[in-house]
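Structure first, commentary second.
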Amino acid sequence: MELSPAPVLMPTLMVQGARGVCSCSRPALGRALRRLFPVLEWLPRYDPRAQLLGDVVSGLLVGIVAIPQSISYSILANQDPIYGIYTNFFCSIIYAATATSRHACVGSFGVLCLMVGQSVSRHLQMAGYGDSAALGANSSSARNGTEACDRSCYAITVALSLSFLVGLYQVRILLGVFQLGFVAVYLSEPLLGGFVTGSSLTIITSQMKHLLGLKIPRHEGVGSFILTWLDLFRHIGHTNICDLLTSLVALAVIVPVKELNERYKERMKAPFPIELLVVIVATAISHCFDFERRYAAAVCGDIPTGFRRPTLPDASLFPSLAVDAVPIAVIGFAMTVSLAEIFGKKHGYAVRANQEMIAIGLCNLLPSFFYCFASSAALSKTLLKESTGSQTQLSGLVTSLVLLLVLLWISPLFYSLQTSILGVVTIVNLRGGLRKLRDAPRLWRLSKLDAAVWWVTLLCSTLLSTELGLLLGVCFALLCLVLRTQRPRAALLGRVSGSELYEDQAAYKGLGSIANVKIFRFESSLHYANKDYFRTVLSQRTGVDPALHSREGSQAHPDTTSSEGFWGAVFGCPKQAQGRAERAPGACPPSPDVHTLILDCGAMQFIDTAGLSVLKDTLSDYGKVGVRVLLANCNPLVRRRLREGGWAGQGGSAEGPPPFHCIHDAVRFAQQSADKQEAGPAPGDLNFQACL
């Protein structure tokens, strides 16, 4: 007998299969590169005549606005101003090459800067750096045996290591390994709205010390919001009058002009860059009158020019930063994809969510080697970019050129810029988050559960911490989702006159009831969490409690020929049941001529094993009291579960009739079945569209 050649051929087949998988033709490589770098797809088709002017104008305006925001958000992230400019410069280039969105603008974002600053501040305290040390000052080295590194150096080391982890999570962990891109689905609009508003309140609180010129410690963790305000009131007597007056004047100038920009944005070709103008004027005044020396005003200090040599993240910080990076990665991805999809839908082009995750991940991963902190799409700059005529991501490259000029030549001119002005710029750009407070009454009228999610997330993000607020907000939102499915709406249906449609009798007027038939709709899937509620609400709506009537029937003497016999015992008046069995809340015996209960399963997306068991028990229990149970409007998944679970006598003992495709067929079947039962049924007479 010859041996089978299969063992000999197996290694050869495996090698050939591996070669087929690993081989890469030139067209396949080109498609892969175009998919990873969408710029290779749209740049060859770029039309300069139709698109260049809009991209250049939009890129210049966004770059002008990004200059003061980059510096102010650096302070929020507990970094030197130069690192904010680095972040916006590199992110603009990388996102332009890798994104599918034409309008989203990636860079420093207030909420993420707040979360980065909290993590950096905590690690500075762990390393032994005091809160009183200035960011740019050459303070003492770390006190835990680390190499010599001043406070500013250690702060950016923590921030870039955190950015590396955030990018790694977004590119590889969330998308590649665990496929957790769906996590953003659970960040509902009320949850994100409450989180952004709560974070905005926290950011405003953190900037108040700059507006007042106070030197108070930065609190982190649970209760930091309240502790910061207590410190502000405790040290209010040490307010720097120069910083306070400068802040008030800047607010009085910036806020009205930005309101006018928004009110007349349809008439204006471009918004007036009031923030940059205020920054330039305030810097000039502070330099001419020497506010730093004469009034002890806090200023930005020396901002170097050029680029630093690339560096590597500090791997020793990864264990302590791993948890901090998770909410930053999720929020950054959610904000970027949300903005990209909003403007993609508005302008009629497709946005690939997975590619956007790769793009924002690369915007955090690669710039971390060039002294940048975590970033995401920013709402204010994205709105500005879209409203000023941006056509493609070429506008992002124009923005990066504007920031390059600042990095190479202009940045030292901001030495005398007061930090109070930067605080004003930060606060003014949070108006969008604060305006969501006005939407709370409208949200309460639309959905009380959504309003509860909004308020819980806002309060937790403000009073506890941003990370805990996000976590508790997601948990509470999921709890509300469970409650909605655990106690869904249920209704009795009536027939629309002159049609085959059936609707909720409580929601519509003029619906006709079907004689001898009850039609019940359960507006949710049927599963283990709501099976008990299904039983209860079914008894309440139909007025039939099978357990009650079965006990009553066992005490009576059935007599199908007399109204005082079986039917009298089962469907007698409520007074006859008193003292013998306790009735379900709201349930009362039906009239003697009710013979059929139709369950509308149109809203049931699925039923689990517990739901199937409840349906079988319903069929059995109601059958014992003389009520036939029919199913209608079952989708294919539910019909398959019924068939596999033994409904209609297949694979089990339920022996229920097959489900009907529509309610009207079930009603006709019930009526003709009752008529045939009275007149004597003829075999084969009842042939309706009931099938599994």
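FYI, residue positions are counted from 1 along the chain as it appears here.
Glycine residues also receive a Cβ, built from the backbone N, Cα and C atoms like all the rest.
Note that the coordinates shown come from a computational prediction; the quantities given were computed from them, not determined experimentally.
The annotation transmembrane segment is assigned in TrEMBL to 52-73, 153-171, 183-205, 241-258, 270-289, 317-337, 357-374, 394-415, 452-483. For 507-670, the entry in TrEMBL reads domain 'STAS'. The annotation region 'Disordered' is assigned in TrEMBL to 673-692.
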Which listed stretch (183-205, 241-258, 270-289, 317-337) has the most C-beta pairs under 8 A with the transmembrane segment (52-73)?
270-289
For the transmembrane segment (452-483) and the transmembrane segment (317-337), decide whether they are in contact, meaning at least 3 CB pairs lie under 8 A, counting pairs 6 or more apart in sequence.
yes
Among 153-171, 270-289, 317-337, 394-415, which stretch has the highest count of C-beta pairs below 8 Å with the transmembrane segment (183-205)?
317-337
With Cβ-Cβ distances below 8 Å as the criterion, list the same-chain residues six or more beyond the ends of the transmembrane segment (153-171) that contact it, or say none.
77-80, 83, 116, 119-120, 123-124, 127, 129, 135, 142, 146, 311, 313-315, 317-318, 321-322, 324-326, 328-329, 332-333, 357-358, 360-369, 371-375
Averaging the pLDDT values of the domain 'STAS' (507-670) gives 70
